[in-house]
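Noted in Swiss-Prot for the protein shown:
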type	residues	note
ACT_SITE	Asp233	active site, proton acceptor
BINDING	Leu114, Gly115, Gln116, Gly117, Gly118, Gln119, Trp120, Thr121, Val122, Lys136	ATP binding site
DOMAIN	108-391	domain 'Protein kinase'
MOD_RES	Tyr181	phosphotyrosine
MOD_RES	Tyr280	phosphotyrosine
TOPO_DOM	51-433	topological domain 'Cytoplasmic'
TRANSMEM	30-50	transmembrane segment
Amino acid sequence: MKLQHVVYLVAIFFVVAIFVIACIEENKYLVWIMIILANTTNILSLVRSISYIKNIRKHQKDTKIQRQLFFEKNGGGMLIERLSGAGSSNIDFKIFTEEDMKEATNGYDVSRILGQGGQWTVYKGILPDNSIVAIKKTRLGDNNQVEQFINEVLVLSQINHRNVVKLLGCCLETEVPLLVYEFITGGSLFDHLHGSMFVSSLTWEHRLEIAIEVAGAIAYLHSGASIPIIHRDIKTENILLDENLTAKVADFGASKLKPMDKEQLTTMVQGTLGYLDPEYYTTWLLNEKSDVYSFGVVLMELISGQKALCFERPETSKHLVSYFVLATKENRLHEIIDDQVLNEENQREIHEAARVAVECTRLKGEERPRMIEVAAELETLRAKTTKHNWLDQYPEENVHLLGSNIVSAQGHTSSRGYDNNKNVARFDIEAGR
């Protein structure tokens, strides 16, 4: 107990005691002493109140100073300057206060935690307008990375693609920066394929659509963003699905901006085992083809329903890529295709998708296709699937509406149709801007 509290209690005791004695003895001197002590008690109460208010104001001042220091350390001044220079009126991006984040997460309550990793924690946040967001608490490696962090925040804030999780804003008044993203309700693709909470009901049509959406999003990052972005950690855990199973590429914590005048970057290896480009792993040279490799692994997961890396599987099949490629070469792909999706009608489409996956995971990056080419091939595959389904349903309309010169005897579209679908894929990428 503090000294001022002790003095206060003692004073009250003496006032009460003297009052009792004065009443008994009818001593006017004691009454005066009581009055003096009572006033002293009031003065002590006043001093105590003033001290309390002073401490509150000091704490508020210290907190304000601390927030300002964090804001500057995390690059707040630089961000405001860059936003002004970029024309912030065209960027839908908000800088939140620490108080905003505390209220949104109910004081960072553990019940609000959506997920955790070695470098981050994601909270569910509710903003004053009742909109739900995902708040990611991350950390900077050192102060030398501040400018790079701000650059990436600026670039990501300008991405407005329907298949990329939208960065809504950030908070820099905390010890570590907080990033605020749109909230996606349906869990990750990993959850749907492998998680115990989901009984996977993803049909082949769903999986192909997800692959097309993810491929289009990555192609946009590589070719459509103001500065090419290499995601560097494409995996099923970083692909979120909304209530309509629309795919959203998420988690840009490992992403790198690639200057227009550079073919590749020399950087410390970062990524996830099972999805990590072996060429990047051995050379430390990063370019867009590393994302192509990772996407190929995701496509293999969609086809097989198996994890990218699983030590519970036999030695020959621990790594999905090597297992998948070998099965393809030995013409036994049917052994690893997910039983939930394979049927007589979609065998050709699944095998075509498997071929694309194998091409994406070639050891040499130069032998892999670009993501814009992958997106175009998958779009073409969907067009073929749609056309086959339509022809099966309305065979009598084939000659009248399509013309015999458009569809071959095997049901494949002509080269003209392929080019048209490439244009569709390019249009989708452009439309994401």
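Even glycines carry a Cβ here, placed using N, Cα and C.
Counting other Cβ atoms within 10 Å of each Cβ, the recorded positions Trp120, Tyr181, Tyr280 show the lowest value at Trp120. A straight line from the CA of Tyr181 (phosphotyrosine) to the CA of Val122 (ATP binding site) spans 10 Å. Asp233 (active site, proton acceptor) and Val122 (ATP binding site) are 17 Å apart (CA-CA, integer value).
Mean pLDDT for the topological domain 'Cytoplasmic' (51-433) in this predicted model: 83.
Listed binding-site residues: Leu114, Val122; maximum Cβ neighbour count within 10 Å falls on Val122. A coil conformation is recorded for Trp120 (ATP binding site) in the three-state DSSP classification, outside any helix or strand. Sequence-distant neighbours of Asp233 (active site, proton acceptor) (same chain, six or more apart, CB under 8 Å from its CB) are Asp251, Gly253, Ala254, Ser255, Gln270, Gly271, Thr272, Tyr275, Ser294, listed in sequence order. Secondary structure at Tyr280 (phosphotyrosine), as computed by DSSP, is helix.
For Gln116 (ATP binding site) paired with Tyr280 (phosphotyrosine), the C-alpha to C-alpha distance reads 26 Å.
According to its DSSP assignment, Asp233 (active site, proton acceptor) is coil.
Cα spacing between Tyr280 (phosphotyrosine) and Trp120 (ATP binding site): 24 Å, rounded to the nearest whole number.
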